[in-house]
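Swiss-Prot has this to say about the protein:
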- Gly9, Pro10, Thr11, Ala12, Val13, Gly14, Lys15, Thr16: ATP binding site (BINDING)
- Thr11, Ala12, Val13, Gly14, Lys15, Thr16: substrate binding site (BINDING)
- 34-37: region 'Interaction with substrate tRNA' (REGION)
- Thr100: site 'Interaction with substrate tRNA' (SITE)
- Arg123: site 'Interaction with substrate tRNA' (SITE)
Amino acid sequence: MIDLLIIAGPTAVGKTDISIELAEKLNGEIISADSMQIYKYMDIGSAKITKDEMKGIPHHLIDVVKPHEEFNVSSFKVLAEKSIKDIWNRGKLPIIAGGTGLYINSLIYNYDFTDADRDEKYREYLTKLAEDKGKEYVHSLLKDIDEKSYEKLYPNDLKRVVRALEVYKITGKSISEYTKENEKKLYDIPYNVNYFVLNMNREVLYERINKRVDIMMGKGLIEEVKKLESMGYTPDMQSMKGIGYKEVLFYLNGDISLDEAIYLIKKGSRNYAKRQLTWFRKDKRSIWIDKDKYSSEEEIVDEIIKMVKDK
């Protein structure tokens, strides 16, 4: 079984430095789990690690696609699994470092992103049937094949009714049976996972976030966004909707002032950190590291290594 070390946490908590120190001490390589750092040319706004900051530690899944190219959790899972195997086969430890919770979960839970359990044509047929004969009629189709769902779901909950009918058509099983089987598969992964979440005092974290935004502005975030625009990348692209980029675009378009843009970037980043912490708290397998309780990052690194070895 492959050993997998995960260093997660909210934006600006200090995942980068700790993951690099761990990689140095544990002979590891780092796989980024950051939904913005996968984009080329978007360096300042994503707080992308520089070559110097890497300290010679190989980093994977950074600068993977151009800003107009599609990239999602399924894309991440495929590339990350390939990198994990490659790193492990070379006798090194794969270390996942990042704050995109869904990316991390795609690895530590056996999510299936294939379309094996989907039938778009049948779904369209049922939706059209609901328009022609009514939602109650489509709901009644469940009665003979999935009585539990028939009793549980309301006719107005068309999306879930259609999903239950679709699952039965493809698998011959009720949605509850199907879900139960999939839940068992969720934990069937080829990794021995050590999952750590870094945290710190909320006020201190927010101060760090605000300072990071000021640093980004000083490094030339506005110029970076201007360059991206000149390269043909537009506000409707997923990459350009990232925090920092969308606000600067509003400023460049004359919709808001520069001060307002900076305020919104800071606010958006703080709210994002709050959402990240909420996400990570849901996973009972994660071990939380309160950075405030340690006198140095080296102490944190040593504590993580001790916990990994004692497991």
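Cβ from N, Cα, C; glycine included.
Fair warning: this is a prediction, and the values are worked out from it, not measured in the lab.
Annotated features taken from Swiss-Prot, shown on the structure.
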residue : record                                 : DSSP class
Gly9    : ATP binding site                       : coil
Gly14   : ATP binding site                       : coil
Thr100  : site 'Interaction with substrate tRNA' : coil
Arg123  : site 'Interaction with substrate tRNA' : helix
Minimum Cβ neighbour count within 10 Å among the recorded positions Lys15, Arg123: which residue?
Arg123
Over the span of the region 'Interaction with substrate tRNA' (34-37), count residues by DSSP class, listing helix, strand and coil in order.
0 helix, 0 strand, 4 coil
Model confidence over the region 'Interaction with substrate tRNA' (34-37) (mean pLDDT, whole number):
98
Additional residues surrounding substrate, by Cβ distance to the Thr11, Ala12, Val13, Gly14, Lys15, Thr16 centre under 8 Å:
Gly9, Pro10, Gly99, Leu198, Arg208
Take the C-alpha atoms of Ala12 (ATP binding site) and Thr100 (site 'Interaction with substrate tRNA') and report the distance between them in angstrom, rounded.
13
Given the binding-site residues Pro10, Lys15, Thr16, find the one whose Cα is closest in space to the Cα of Arg123 (site 'Interaction with substrate tRNA').
Pro10
Measure from the CA atom of Gly9 (ATP binding site) to the CA atom of Thr100 (site 'Interaction with substrate tRNA') and give the result in Å, rounded to a whole number.
9
Could you tell me which of these binding-site residues, Gly9, Pro10, Gly14, has the fewest other Cβ atoms within 10 Å of its Cβ?
Gly14
